[in-house]
Amino acid sequence: MTNQAEEKRILIMAGGTGGHVFPALAVAKYLSQQGWKVRWLGTAERMEARLVPQHGFDIDFIDIKGVRGNGLMRKLAAPFKIIRSVMQARAVIKKFKPHVVMGMGGFASGPGGVAAKLSGIPLVLHEQNAIPGMTNRLLSRIASEVLCAFDGTFTDIKAETVGNPIRKELIALGEKRKPVCDDDSLKVLVVGGSLGAKIFNDVMPSVLEGVSKTHSMTVWHQVGRDNLATVKAEYQRLGQDGSVSVAEFIDDMEAAYRWADVVVCRSGALTVSELAAVGLPSLLVPYPHAVDDHQTKNAKVLVNAGAAFLLPQPIVDTSKLMTKLSMLASDKQELCNMGQRARDVAILDATQRVANVCIRLAEKG
């Protein structure tokens, strides 16, 4: 650890979803190991309030909520609330005196980014999705550096493609993972997120029943909160309970990725980057209600590389999934090829790239 006079400080703004928080935590841990003091800016009602302290970082809260889709009165009041939240963020900056402020998405990023600009502190933005969110689109005009995970995210400003920071354990897994290209049972990991994906919960029991008539297939199905009993009962009704493991949550995604031959999942930015780093083929069903349909654009990063299949939710049914999984079960070499193509598009040093931009700006003063 450097002494107090030399210690660099960064204020990180990332919240609301794991897709914002976890990449930011990867950068925070890296910089902390380099002797930096890290502090967080977030909102008390969102997941960062719980996750960030669990990982050993202090967090300050400001009062801010999203404005998309709100009623007229809330929209009229929004400018006054934003001004208040900017003032709150400026107070945090004045007290903490960061050398750099980094925004990675979430409600606090907007006021925090404006406060950084008003305070004369370098502002780094990182956009995880292939289509930038509204806050990052606005802040990109005043940021010192704009970073993105995927090529072509920002079309009207200069942005550096650096990838999405992910946990170093997953990068290590990708380096040593050997895809199964023999005649073993096809191992299918189904991930629906914390609440589960209803489409997966509805069709996967029938998919397993259908594919198992001609190929050996086992499933590890993450069904989400309060869905365990219903989905498990459907697998049992179809006589497939011996070929499936059903869980509300999967705490150890490293173990799940290590086990799987192919993944059926949504296409959030972090998921896409993890699949690439680990080198896993996938069937991607973008969440149809994502803002600006950004999950479809995320998915195309892997689809265009030949590492994944894109299945828009309106066309997903038992037959579609059966066809794709049966094809992969009968052609393990293509499964291996898809995994290698996924690995080929991965940016494995994203954490260091983002951190190095912060370090460079701090050294410039």
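Every residue, even glycine, has its Cβ placed from backbone N, Cα and C.
Over in Swiss-Prot, the protein carries these features:
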type: BINDING; residues: Thr17, Gly18, Gly19, Asn129, Arg167, Ser194, Ile250, Ala269, Leu270, Thr271, Val272, Ser273, Glu274, Gln295; note: UDP-N-acetyl-alpha-D-glucosamine binding site
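Taking the Cβ of Arg167 (UDP-N-acetyl-alpha-D-glucosamine binding site) as centre and 10 Å as the limit, one finds 19 other Cβ atoms among all the protein chains shown. Under a cutoff of 8 A between CB atoms, and with a sequence separation of 6+ in the same chain, the neighbours of Glu274 (UDP-N-acetyl-alpha-D-glucosamine binding site) are Ile166, Leu170, Met253, Tyr257. Looking only at the binding-site residues Gly19, Ile250, Leu270, Val272, the densest Cβ neighbourhood within 10 Å occurs at Val272. Thr17 (UDP-N-acetyl-alpha-D-glucosamine binding site): 19 other CB atoms within 10 A of its CB, across all protein chains. Of all residue pairs in the UDP-N-acetyl-alpha-D-glucosamine-binding list (Thr17, Gly18, Gly19, Asn129, Arg167, Ser194, Ile250, Ala269, Leu270, Thr271, Val272, Ser273, Glu274, Gln295), the one with the greatest Cα separation is 23 Å apart.
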